[in-house]
There are 2 protein chains.
Amino acid sequence: MNNRTEIASLGEFGLIEHLTKNFEIQNASTILSIGDDGAVIDHFGKQTVISSDMLIEGIHFDLMYSPLKHLGYKSVVVNLSDIYAMNATPTHITLNIAFSNRLSVEALDDFYEGVFAACEKYGVDLIGGDTSTSQKGFIISITALGEITADKVVKRSGAKKGDLLCVSGDLGSAFLGLTLLEREKKIYLEHPEIQPDLENEQYIVGRLLKPEARKDIIEFFEQSNILPTSMMDVSDGLSSETLHICKQSNVGCVVYEDKIPVNDQAKQYAYKLELDPTACALSGGEDYELVFTVPQSDYDKLVLNEQISVIGYITDIEEGVHIITKGGSTHHLTAQGWNAFKQ
Amino acid sequence: MNNRTEIASLGEFGLIEHLTKNFEIQNASTILSIGDDGAVIDHFGKQTVISSDMLIEGIHFDLMYSPLKHLGYKSVVVNLSDIYAMNATPTHITLNIAFSNRLSVEALDDFYEGVFAACEKYGVDLIGGDTSTSQKGFIISITALGEITADKVVKRSGAKKGDLLCVSGDLGSAFLGLTLLEREKKIYLEHPEIQPDLENEQYIVGRLLKPEARKDIIEFFEQSNILPTSMMDVSDGLSSETLHICKQSNVGCVVYEDKIPVNDQAKQYAYKLELDPTACALSGGEDYELVFTVPQSDYDKLVLNEQISVIGYITDIEEGVHIITKGGSTHHLTAQGWNAFKQ
């Protein structure tokens with residue numbers, strides 16, 4: 001950023017025009033986009049999936065270590081992740097933001113650059129929204145829409161006894177990235193002369209600051225003719241999401257600690273901090289992986305995808321929700337899996 | 001409110017369940033609602049209209065004189081107003097809110113009571129959203145969806161030379177209500193022993209705190225076989241909205257001051273403050289009336305509706321955007337219609 005243009009110099013409508021002028025429509029279903037009271041989309045007989053999320057400075061992100069471009073990207077991705085978690089294809093987003101005059105037009109440009117990069121990567125159209133002033137901090141609220149044929153919707157509530165419990169990618173890295181950045185922030189605030197060295201920790205930092213949604217997994221399901229019986233994205237941590245699926249499906253399950261995928265760099269950093277990598281995976285959150293269940297008969301198809309790990313299986317509700325540790329002992333899984341695990 | 005339940009005592013998921021447990025689905029198109037990663041809606045061959053808005057404490061409302069129930073109601077209504085302004089029927093909303101722990105569960109109950117009252121009145125389903133913590137103040141972000149058949153969409157850009165410029169209801173009252181409440185707040189802060197007397201000003205206060213969206217006007221269009229050539233809702237003031245329609249339609253227009261509808265109580269209060277009622281109507285905003293254009297041939301149908309005023313007509317773009325005062329003089333209309341008018 002070499003220049004600083006005050007937002008007031010553009011005015012509200014000028015600002016919206018400035019921020020959205022280079023944005024091209026990607027979906028044929030987008031009949032009318034930004035610039036009217038509402039946007040209009042057509043459906044060609046499909047159903048629409050909708051999800052909405054808010055990100056608030058100081059609560060969900062820290063501008064001290066979140067570059068605005070990454071923040072724009074992540075804001076879109078976390079919403080698309082919810083659409084993929086329904087087995088749907090995201091098509092449209094609306095974006096409401098509020099900010100104080102601490103931010104310049106150039107800063108907002110960076111944020112929108114990230115928004116547009118995510119829209120382009122995932123084939124999504126930004127079709128509307130609202131810009132506003134805030135009393136304090138930067139506030140982002142996004143609603144994402146996706147499309148799906150009626151018989152492909154995957155809810156949280158369809159897991160059946162005997163189904164395999166699976167997860168995409170690896171877990172716990174975003175939490176460790178957050179721990180690292182919070183640590184470096186603290187050091188920097190106390191000793192501004194010390195530059196943070198993140199060279200060896202790019203993976204976990206990247207997982208926090210610029211997560212991706214698992215479009216590839218949904219495409220793999222389609223290609224492989226797999227229809228999960230239940231699915232959720234991992235925003236709060238594997239424990240919490242597994243408990244949601246079990247509760248809404250009225251089932252129990254068993255998770256094997258040694259099957260939970262954790263990246264090697266993440267493991268190393270966890271050990272460095274004397275944290276249990278499994279605890280990070282269970283309770284860390286913000287990984288935006290997919291946790292899902294499939295019938296056992298899909299096992300042969302699943303193993304062809306290295307990005308998918310089978311981590312357990314679904315049981316009767318009476319059997320509860322358990323984790324079997326590497327040492328072979330059995331523990332109840334709770335939403336605060338980490339604390340529970342440490343008992 | 002007799003009791004105070006801390007939000008922390010319910011937890012995030014407990015809170016969402018508590019707030020939404022009595023909410024019944026009203027639209028057959030709502031296939032899946034709150035409680036999963038996304039909601040699912042079906043379309044029966046119609047198009048979807050989407051609009052999104054943010055309301056922020058201290059910027060858009062003041063909890064000192066906005067009862068939370070009214071605020072919930074208004075938050076929904078201002079979004080539905082945008083859907084009606086496209087000539088569509090609102091069907092669904094998502095609601096994201098963020099709040100500090102200053103608010104109790106009972107306060108949020110009041111807010112949701114207002115949200116549900118608006119949903120019920122307008123036949124809309126709340127299908128999802130996010131609750132979060134804020135650093136400061138109460139933040140509300142709503143996305144509204146509506147449905148429409150493709151040939152009925154009314155944009156801002158279709159006004160044609162010779163069309164009649166019309167507005168529903170009356171204008172300026174919400175601004176005068178705001179002026180009154182801000183005045184009373186100031187008096188109260190300086191002299192807490194003086195109780196505000198709003199007895200004679202219920203109309204203007206009501207217009208600010210509990211506005212309605214003009215569902216009736218859209219239904220009248222349908223029944224009367226009227227399809228406006230352009231339409232917008234009045235959120236920023238008649239001047240600003242008229243200029244938007246003219247700019248996006250590439251036309252000019254003439255507005256007659258004596259045709260602009262202003263409520264009598266609003267007029268009296270404006271005179272009391274030595275404000276020009278017309279200036280309040282032109283620049284006041286937040287009236288959530290509809291401003292629209294129709295072909296002259298629709299005039300005979302329009303006059304049957306007492307809630308509609310014909311306030312001017314559309315001209316060639318070269319003729320600009322003007323207002324003809326009661327005294328017969330002509331002025332340029334600007335977005336700050338009030339200031340311009342006072343020149």
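A Cβ is built for glycine as well, from the same backbone N, Cα and C atoms used for every other residue.
Bear in mind that TrEMBL entries carry predicted annotations, made automatically and left uncurated.
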With A:ASP37, A:ASP82 listed by TrEMBL as binding Mg(2+) 4, identify the candidate in A:SER29, A:SER51, A:SER52 belonging to that site.
A:SER51
For the binding-site residues A:ASP37, A:SER52, A:GLU286, which residues show a Cβ-Cβ distance under 8 Å to chain B?
A:ASP37, A:SER52
Please report the Cα separation of A:ARG156 (ATP binding site) and A:ASP130 (Mg(2+) 1 binding site) in Å, rounded to an integer.
31
Quick one: of A:ASP37, A:SER51, A:SER52, A:ASP82, A:GLY129, which binding-site residues lie within 10 angstroms of A:GLU286 (substrate binding site), measuring between C-alpha atoms? Sequence order, please.
none
Taking Cα atoms as reference points, which of the binding-site residues A:SER52, A:ASP82, A:GLY129 is nearest to A:ASP233 (Mg(2+) 3 binding site)?
A:ASP82
Looking at the binding-site residues A:HIS60, A:ARG156, which one has the fewest other Cβ atoms within 10 Å of its own Cβ?
A:HIS60
Give me the Cα-Cα distance between A:ASP37 (Mg(2+) 4 binding site) and A:TYR112 (ATP binding site), rounded to a whole Å.
21
Looking at Cβ-Cβ distances, which residues of the chain lie under 8 angstroms from A:ASP236 (Mg(2+) 5 binding site) while being 6 or more apart from it?
A:GLY285, A:ALA335
